[in-house]
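Peer 1: Before I ask anything, let me first share the structure, which is written out below as structure tokens.
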């Protein structure tokens, strides 16, 4: 396992198959697709940032890298992708075997170029706050204090804008400091860019140009007219703080049997158009703070009458959510507009009810936005996550903008698509596969927003038909991949990061052992989770459990050791042995079992899964459990109901929630106050240890997880019980050990699951 982690540290990449099945048929037989999970901006102090531009192949535009064959005498390099011979330019003339440029060093498979000449001036980032006011006073109070803190943390040079909405949308003119001034738009109608230019007096006293696109200070707008609405944070701190202090509940009266009229869609469309008019193409984020469902204008998800409930998964399956498809279509249009402008939509949805995350998902995901879901604006999940975005610390996000991700690979490999926070740029090439998964049919993607943790999943197709004739032509048995990420660094300048890697391929039945040795089961689980989530949304009558089971059975019968028809002889190599457990937990996870979750929660979980790296995805699929007791130090425990004991504390990390669970005896001692008495220091330490570990996890994670501290048999113990393997249930033959627990469920346990798997795999 460790060698896969070392590769990830070096290049930010994990692949399920580190030895690749060499032909189309071999790849199909391997069940888990040839794929990669790549973190483009993974921080690594070891690789160099080069102060010059890259050297590209004149045929395929790939960048000079350690896998190129170099002729030092003739000053020629051969591209490993298209075998084109390229001459080195004049400034590389002193190159020799003992004098290499950094990009040819064998250990620098990832390098970053920062050429100031090409990139032009540093553009300040733009933050446009869009704030919902249809909430109870208490919630508005929480939101005001959180916003005031966020404003203080904004980088000084960044530009800020402020929009509030309820029944109407108000765009506040921050550049007018004498008295509060805002432009009001009706919430029921969409607003176009032309209407914004006209109604917000962008051409007051000047003639509007009759032709051409009007956008930004380059094309026809004066900087004065832009700086009425978008100002440097340091210049408008006073005006902004006074607007936030005076924020009040939407004044429109709401009768008792009605929902408030909230025009979220119109507000976001005004925000997108305002940014499109003022700062197209430069890094900008719309940060939307939403406290309830949209009921007014385009993109609304439910009617105002409280007698109509908000759509559930059942309604979506039956097609009885009349507004859903219309709202999704509206947000698809907004996402196209934002991607075209290079801007990001971030969503902070804090309400006990759903707010429409499921509909907005397309706009957040395609622009690479951040999403935080909490129960209230006073909840630590929201407050700490918002601070973490702007804080500069070791764990800061390093928000970057305006990325373009490109990929190049050997001609026998085709690209089906990317599952993750990006949008296809429709750049078709011979490398695009006919089969499309996620954002496909292209070799370039737009990533409007990306940070140090953003990870995308690339799915490949092996195009080589048959082993024999192809092998004789290509002497090398390596496939090469190059990933290029061109982006605006969080310090403002444009950079290009290039990661080049090579993987060996094997063909035919002789290579099975090699494939097993190169199998990364954690990466495979993360890829399967993204695939199954994607298929559940994209395919109409898709049965996820059946699909996962079939895949697992095929994989086990191809790579397991067994005698035919004897289940007891079945065994798996250590490289594959945990994979069935991952699949068992994935079948039970919130990505596959949508029962008991709202469409908003499901959309949120899937968006997080689609942007996190392998280690985090594995925690989402199969939570980690640590046990604390007097007998031993903290040790990992099996994710099983038998881990519960009266004298143990368990710490469960399921990514979105962290549970500190006290056994019944520990809970009674704690209530009796033993931890405060002398002579019970060991007990005090036992209580503190899991709490400290939980704090460490919370510090590193974004969005901040929810912390649940509970006792055995208490109501919140459900957070732990729902994740445990039900090896002891209310109707099983083996009783629970004294002080243990049983789970009231009819789900099968992991043991039963494995017995069935072995029986089916050996057939």
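Cβ from N, Cα, C; glycine included.
Reproduced below are the annotations present in TrEMBL:
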type	residues	note
DOMAIN	54-92	domain 'Zinc finger Sec23/Sec24-type'
DOMAIN	123-390	domain 'Sec23/Sec24 trunk'
DOMAIN	401-506	domain 'Sec23/Sec24 beta-sandwich'
DOMAIN	520-618	domain 'Sec23/Sec24 helical'
DOMAIN	633-720	domain 'Gelsolin-like'
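So that I understand the layout, could you describe where these features sit and how close they are to other parts?
Peer 2: For the domain 'Zinc finger Sec23/Sec24-type' (54-92), the number of residues in each DSSP class (helix H, G, I; strand E, B; coil) is 3 helix, 11 strand, 25 coil.
Residue counts for the domain 'Sec23/Sec24 beta-sandwich' (401-506) under DSSP (helix as H, G, I; strand as E, B; rest coil) come to 7 helix, 58 strand, 41 coil.
Looking at the domain 'Sec23/Sec24 helical' (520-618) alone, the prediction's average pLDDT is 96.
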Peer 1: Sort the residues of the domain 'Gelsolin-like' (633-720) into helix, strand and coil with DSSP and give the three counts.
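Peer 2: Final tally across the stretch: 41 helix, 20 strand, 27 coil.
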Peer 1: By Cβ distance under 8 Å, which residues at least 6 away from the ends of the domain 'Zinc finger Sec23/Sec24-type' (54-92) in the same chain are close to it?
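Peer 2: Cβ under 8 Å, 6 or more out: 101, 103-109, 113, 408-411, 478, 480, 482, 484, 496, 498, 500, 502.
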Peer 1: How do the residues of the domain 'Sec23/Sec24 helical' (520-618) split into helix, strand and coil according to DSSP?
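Peer 2: The domain 'Sec23/Sec24 helical' (520-618) comes out at 63 helix, 2 strand, 34 coil.
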